[in-house]
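Report on the structure given below.
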Amino acid sequence: MGDQEKSKVSSSSWFSNLCSAARRTKNISSSSSVSERGETLVRHLSLFQLILLGIGASIGAGIFVVTGTVARDAGPGVTISFVLSGTACVLNALCYAELASRFPAVVGGAYLYTYTAFNELTAFLVFTQLMLDYHIGAASIARSLANYLVTILEHIPVFKDKIPSWIGHGGQHFLGGVLSINILAPILLAFLTIILCQGVGTSSAVNSVMTGIKIVIVIIVIAVGAFEVDVSNWSPFAPNGVQAIVTGATVVFFAYVGFDAVANSAEEAKKPQRDLPIGIIGSLLICAILYIGVCLVITGMVPYKFLGEAAPLSEAFASKGLKFVSILISIGAVAGLATTLLVGLYVQSRLYLGLGRDGLLPSMFAKVHSTRHTPIHSQIWVGIVAGILAGLFNVRILSHILSVGSLTGYSVVSACVVMLRLKDKGTSQVFVRCLSNWQEGVICLLTVACAGFVTGLCYRFSLSLILVLVPVVIAILAAGALHFRQAYADPPGFSCPGVPILPSVCIFFNIFLFAQLHQEAWYRFVILSIISVGVYAFYGQYQARS
């Protein structure tokens, strides 16, 4: 055999091994070895703390800003926008709740569920998409927090107009804005990282206090604002029509993102099988109530046409002579950003811990401190990455490529619910005899996703109603095939209702939203996926311990 033939055989063997490794799935029972080595986290979080964790991750400064900015287009109908997006998020939360209850003993969230239901490579792809969102998001939030703190300091006469921009007010730009020096943002990240390294007890206590302050301020804002409401401002309710309300729903959907943080605390919850589903759904419902309350107040206080862009809620109260509420809003914004950042860093470290345990990342990420019971190496790493991004780059310009990870993760989690419920993976005996039930299920789910994307494109570019209806009908047929051609088992613990229809609706809507993202977000999805496959091919497949 010549050298050329040997090279072909070697390449063929390598590709065959890659395909074989990529199809590996995770056996959750194998995770028991983790506890035997004493590397588990400590179960400290109560149901109340889990709910506050979800609220802390979801409600940031956006509740004081996005409510007003969307209302400028949707009018008082922004309330319906939040109801629609909140309903969509509740459906996604039901899927998360079932899987969190099903796998209550191990960290990993969407990555873990994908590894169990699909395969190793898909799980790694989900992780990389989520992690890029988390890293850029953390850096962006840190810069916003630094900006808010500097703004508050400048209310003190001695600091007014004397704090240079490189401290924290936007940043000092170099090289045409590519570099943007900000000193305060990395300092804030270092401070929060130190808190997280003390253990989940300390970080949970800080989050509970800050989230409590934030909730109280939002309630005060709603209560005070209710007395300033003029119901005539709610008419017309939908001045720009139904489409503006639907478009608003696609925008404010991301205001709810964060409830999935509860699922990543599975290994630290006291009673995970009971508390995780309640924590996920409970935190989301509380967030929805607060958002809707703020929407009703802000659109009732000021006619939607006169709402400001930068700080609509603060300006609305200032116009009524209630400047003390504007100060409260600034404090609430700081508390909101701080808790969102704290929980975001917490979730990142737990995801790195899960991949370190599975061998898809270096073993240093799998180490848990013996007394503080927290993955310190992973926590320091995510703090360093966010600190570098926040301190040196104007990451806000990358905001339009965010949300890809969240939508991808939510869609895959919904698909996991369906695939893990399938009773058997034998051969389908009706119509399609060459496919297993599992393969047929995957094809149907992919069809729903593709139909959601095409529908989203048709809506985005205002194509005819017939073109919109065609992919919708295809998605309905695919979901119908899942319902009538497959059998599903009841899971242990919490059970998501309406399987497989409800998860199919989630997938369709999530990918519909994906189609509304900036085109650069699509490019980011493809490029990062290709890079991730390369990393897996040359590192992950050899190191993984499924």
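Using N, Cα and C of the backbone, Cβ positions are placed for all residues, glycine too.
On a predicted model such as this, the values are computed, not experimentally measured, just so you know.
Database features (TrEMBL):
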- 47-66: transmembrane segment (TRANSMEM)
- 78-99: transmembrane segment (TRANSMEM)
- 111-132: transmembrane segment (TRANSMEM)
- 174-197: transmembrane segment (TRANSMEM)
- 209-229: transmembrane segment (TRANSMEM)
- 241-259: transmembrane segment (TRANSMEM)
- 280-304: transmembrane segment (TRANSMEM)
- 324-347: transmembrane segment (TRANSMEM)
- 380-398: transmembrane segment (TRANSMEM)
- 461-482: transmembrane segment (TRANSMEM)
- 494-515: transmembrane segment (TRANSMEM)
- 521-539: transmembrane segment (TRANSMEM)
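Tertiary proximity for the transmembrane segment (47-66) is limited to same-chain residues at least six positions away from its ends with a CB under 8 Å from its CB atoms, namely 141, 144, 148, 204, 207-208, 210-212, 214-215, 218, 221, 251-252, 255-259, 261-262, 265, 269-271, 274-276, 278-280, 282-284, 286-287, 290-291, 294, 310-314, 329, 332-334, 336-337, 339-340, 342-344, 347. Within its own chain, the transmembrane segment (241-259) is flanked in space by residues 54, 56-59, 62-63, 66-67, 70, 73-75, 77-78, 80-82, 84-86, 88-89, 93, 96, 280, 283-284, 287-288, 291, 340, 343, 403, 406, 512-513, 516, which lie at least six positions past its ends and keep a Cβ under 8 Å from the stretch. Long-range neighbours of the transmembrane segment (78-99) within the same chain, counting only residues 6 or more positions beyond its ends whose Cβ lies under 8 Å from a Cβ of the stretch, are 67, 70-71, 113, 238, 245-246, 248-253, 255-257, 259-260, 262-263, 276-277, 280-281, 284-285, 287-288, 291-292, 295-296, 299, 304, 410, 413-414, 416-417, 420, 491, 493-497, 502-503, 505-506, 509-510.
Panel annotation: around the transmembrane segment (521-539), residues 18, 22, 120-121, 124-125, 128-129, 132, 360, 400-404, 408 of the same chain, lying at least six beyond its termini, place a Cβ under 8 Å from a Cβ of the stretch.
Across 209-229, 280-304, 324-347, 380-398, 461-482, the stretch most heavily in contact with the transmembrane segment (174-197), judged by Cβ pairs under 8 Å, is 380-398.
Residues 50-55, 58-59, 63-64, 67-68, 71-72, 74-76, 78-79, 82-83, 86, 89-90, 93-94, 96-97, 100, 215, 218-219, 221-222, 225-226, 228-231, 233-234, 239, 252, 255-256, 259-260, 262-263, 312-313, 315-317, 319-320 of the same chain, all 6+ positions outside the transmembrane segment (280-304), place their C-beta atoms under 8 angstroms from a C-beta of that stretch. The stretch in closest packing with the transmembrane segment (209-229), judged by the count of Cβ pairs under 8 Å and taken from 324-347, 380-398, 461-482, is 324-347.
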